[in-house]
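Chemist: Before I ask anything, here is the structure I am working with.
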Amino acid sequence: MSSGTENDQFYSFDESDSSSIELYESHNTSEFTIHGLVFPKLISVTSQDSEFDINEDEDGVDTIYEGMLDAPLTKNNKRILCEGSVPNLSYECLTTKGIFERMLQRVDHLQPIFAIPSADILILLQHYDWNEERLLEVWTEKMDELLVELGLSTTANIKKDNDYNSHFREVEFKNDFTCIICCDKKDTETFALECGHEYCINCYRHYIKDKLHEGNIITCMDCSLALKNEDIDKVMGHPSSSKLMDSSIKSFVQKHNRNYKWCPFADCKSIVHLRDTSSLPEYTRLHYSPFVKCNSFHRFCFNCGFEVHSPADCKITTAWVKKARKESEILNWVLSHTKECPKCSVNIEKNGGCNHMVCSSCKYEFCWICEGPWAPHGKNFFQCTMYKNNEDNKSKNPQDANKTLKKYTFYYRLFNEHEVSAKLDWNLGQTLGTKVHALQERIGISWIDGQFLSESLKVLNEGRTVLKWSFAVAYYSDASHNLTKIFVDNQMLLANAVESLSELLQIKTPEVIMKRRPEFYNKAGYVENRTTALMECGRELLCKGICKAAE
């Protein structure tokens, strides 16, 4: 395999070998080619119901928004990289308010049939897991029994000889009231339902507060009569029933989890609704992943619920995450943040995304990932991404636990390094962006001219994400196969490109950053091209069964 410059790469493999692919780049610096398909240097793919849009800015440079090309490559009269194609996903993003409106639509649909308050219908639907057919069947057979069972029938619970019927479901003040819960006799506010079971307001509040966390129907403390949302708010003195609404919404989404998925990102309450799920089996069969984007611009896989994980499919991703969760949190932190200088053994803590390290003590330059000298990394390939089998291991049982552990530790370290580096790059990029923005305002640079930094940062982040998950693919792949070796070569090329772009973020002077704007665009374009190539090569590994997780 030969190598060249960023804009002049050529890799060719025997077309008769069914395990190989051809991958080459055009000498035209404005485009690159995979399997005969020509792509512009910077491809922008955005997804609105999975429709791809290519956007070009005023300088003729494509802008990067949120995704890499994830579609099959084809070529006339040539072997297809991986047979088959998948239909576009049609989805919409909703808030909890939008979900609740859909729940109320179901209630309104049943209102003419049931002829009971909407709040009661909502309770019935939740009790039957939103199975309308089952609810209608039971309602037809034993309507009265069902209402009594769920505490929705007041007539069955009313105490005939009580004095509270004219004031039920209201907070009242009473003198010398004795509460049978706390056994206190005092002047206090009280509350009771039609059943006449009356208690002091403090006891009722404690009771409701405990029940709200359970998310179930709240009934009277002495019978099955149910409290409605307005009752809860009256007793608590503020809108507390919203917690029950949250529980109802969660129940609705859980029941319809084939079509509705919560965004898995922390503190995000967005929900994605996939209108048609019939295409999901085809995505799985062809080793594509149905990636979607929520209202907060978080991209995740609708199928497995993890972050965007190309080139790994959902099965590889799930297996990798399950294995990674067994690791010690302390070990993860040590691997992520600290290492000894290979030359003088001084402890070094990483505070940036770039993997080119310079020891402050002895000035030794080394690679954070492989701990080797940095000089060789500037040429040819990023060799530290290649797992090397020791010769001694060849004579051992391939199932040897020690060998497997070493292999996993190697790839897990790489996975973890790029995950941490992505976060550090992003934080550093945001800081630089603030400085560049201030410079724009000070010297009058247009908004468009300053977009190169955020665009490059998005490309870098996506490149690191794809590179990160490529190590999971490499771990589960047959290392002896020719296509796996090609995949590793593509990893090296992307790793080189990512590190080269990341180094530009180390520039601290805004004026220098602006002068090097063309370099940001060129390197970002190369990162994106290499990212796309690695994704497609990884998918072929999966399609051909060269990469597969153990059952």
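Using N, Cα and C of the backbone, Cβ positions are placed for all residues, glycine too.
Pulled these features from Swiss-Prot for this protein:
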- 175-388: region 'TRIAD supradomain' (REGION)
- CYS179, CYS182, CYS200, CYS203: Zn(2+) 1 binding site (BINDING)
- 179-225: zinc finger (ZN_FING)
- 242-314: zinc finger (ZN_FING)
- CYS301, CYS304, HIS309, CYS314: Zn(2+) 2 binding site (BINDING)
- CYS341, CYS344, CYS359, CYS362: Zn(2+) 3 binding site (BINDING)
- 341-370: zinc finger (ZN_FING)
- CYS354: active site (ACT_SITE)
- CYS367, CYS370, HIS377, CYS384: Zn(2+) 4 binding site (BINDING)
Chemist: Measuring Cα to Cα, how far is CYS182 (Zn(2+) 1 binding site) from CYS304 (Zn(2+) 2 binding site) in Å?
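Modeler: Taking the Cα atoms only, CYS182 (Zn(2+) 1 binding site) lies 49 Å from CYS304 (Zn(2+) 2 binding site).
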Chemist: CYS314 (Zn(2+) 2 binding site) has how many other Cβ neighbours within 10 Å of its own Cβ?
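Modeler: There are 20 such Cβ atoms around CYS314 (Zn(2+) 2 binding site).
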Chemist: Whose Cβ lies within 8 Å of the mean position of the Cβ atoms of CYS341, CYS344, CYS359, CYS362, the Zn(2+) 3 site, other than those residues?
Modeler: PRO342, LYS343, SER345, VAL346, ILE348, SER360, SER361, LYS363, TYR364
Chemist: Using a 10 Å radius around its CB, how many other CB atoms surround CYS344 (Zn(2+) 3 binding site)?
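Modeler: Step by step: centre on the Cβ of CYS344 (Zn(2+) 3 binding site), count other Cβ atoms within 10 Å, giving 12.
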Chemist: With H, G and I counted as helix, E and B as strand and the rest as coil, say where DSSP puts CYS314 (Zn(2+) 2 binding site).
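Modeler: In three-state terms, CYS314 (Zn(2+) 2 binding site) counts as helix.
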Chemist: Roughly how many Å lie between the Cα atoms of CYS301 (Zn(2+) 2 binding site) and CYS367 (Zn(2+) 4 binding site), rounded to a whole value?
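Modeler: Here the two Cα atoms lie 32 Å apart.
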Chemist: Let me know how many other Cβ atoms fall within 10 Å of the Cβ of CYS362 (Zn(2+) 3 binding site).
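Modeler: Neighbour count, Cβ to Cβ under the 10 Å cut-off: 13.
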Chemist: If you draw a 10 Å sphere on the Cβ of CYS179 (Zn(2+) 1 binding site), how many other Cβ atoms land inside?
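Modeler: CYS179 (Zn(2+) 1 binding site) is surrounded by 18 other Cβ atoms within 10 Å.
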Chemist: Can you tell me the three-state DSSP label for HIS309 (Zn(2+) 2 binding site)?
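Modeler: Coil, per DSSP.
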